[in-house]
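Features of the protein shown, as given by TrEMBL:
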- 16-86: domain 'Release factor glutamine methyltransferase N-terminal' (DOMAIN)
- 129-201: domain 'Methyltransferase' (DOMAIN)
- 135, 136, 137, 138, 139, 158, 187, 201: S-adenosyl-L-methionine binding site (BINDING)
- 201, 202, 203, 204: substrate binding site (BINDING)
Ligand SMILES: C[S@@+](CC[C@H](N)C(=O)[O-])C[C@H]1O[C@@H](n2cnc3c(N)ncnc32)[C@H](O)[C@@H]1O
């Protein structure tokens, strides 16, 4: 049973509301109760942080109290804040979410950084590169790369139609639609190649682990975005089988991996060329980059 929504009246001040929300969220076992309370209050009252800091004793008012009660109830059902707000920041850019898309994670920025670091070391960041993003979701990886690589173009593929549509909308909002296309497909079956950079953050959670994930993930991230099969590696096997026919000479394959999967994934791609592994901010091997022999 979700924890009860805290008492919020039109006369409740912003400061009091924050205190009530923090206590309710903490009692419900929510990870960052203070941060979540603040983000939801700002959204419900349609104010910026500076206004909250300047006028903390302002009452919520009729509409603010109603809106805040509604979003607090959703958070107490363990819906993530970014899904309630409908948007999530990734690589400094705003991405709209939909029920069919994974909420982009900061760990995935490690993959983007690894690709950029490799390209810059090769002196290719200004080249007219072609990028293929398999399992594109919101399009966050492809669009972050296009944002950084001014002459690159890309194709994002997803099995879910609504994800491909969400990614296309994000490309338009970010002013990148002229260099990005999105299609529905099963891995890379619809693509002929050659392409310069293959990127993917595929579903990589072993099926049996999913029921034990946090409610925010198990209830709100789509199963298609999580489930990597019995050992979590099904998608990598499909991608490794296709990579040799897809990659141009000297191309790169860059894959996000789950904790402890780097060795197995490197093994699947070993025949393609030299491999580097990049750690995330927690020191966990997070991105496997393969440079195809050129
Ligand atoms: C872990 S999510 C990654 C989403 C996004 N790239 C990101 O990093 O936030 C994996 C994505 O792969 C997609 N997917 C799952 N199976 C697929 C398949 N057979 N072919 C193409 N995409 C697939 C899912 O719909 C989901 O969007």
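Heads up, the Cβ atoms here are built off N, Cα and C, so glycines get one too.
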| note | Long-range Cβ list for residue 136 (S-adenosyl-L-methionine binding site), cut-off under 8 Å, min separation 6+ in sequence, same chain only, gives 142, 156, 157, 158, 163, 164, 167, 182
| Structural state of residue 158 (S-adenosyl-L-methionine binding site), classified by DSSP into three states | strand
| Candidates near ligand 1 among the binding-site residues 139, 203, 204, judged by a Cβ under 6 angstroms | 203
| task | May I ask for the distance between residue 187 (S-adenosyl-L-methionine binding site) and residue 203 (substrate binding site), taken between their Cα atoms and rounded to an integer number of Å? | result | 11
| task | Enter the number of other CB atoms within 10 angstroms of the CB of residue 138 (S-adenosyl-L-methionine binding site). | result | 26
| task | Calculate the distance in Å between the alpha carbons (Cα) of residue 135 (S-adenosyl-L-methionine binding site) and residue 202 (substrate binding site), and round it to a whole number. | result | 6
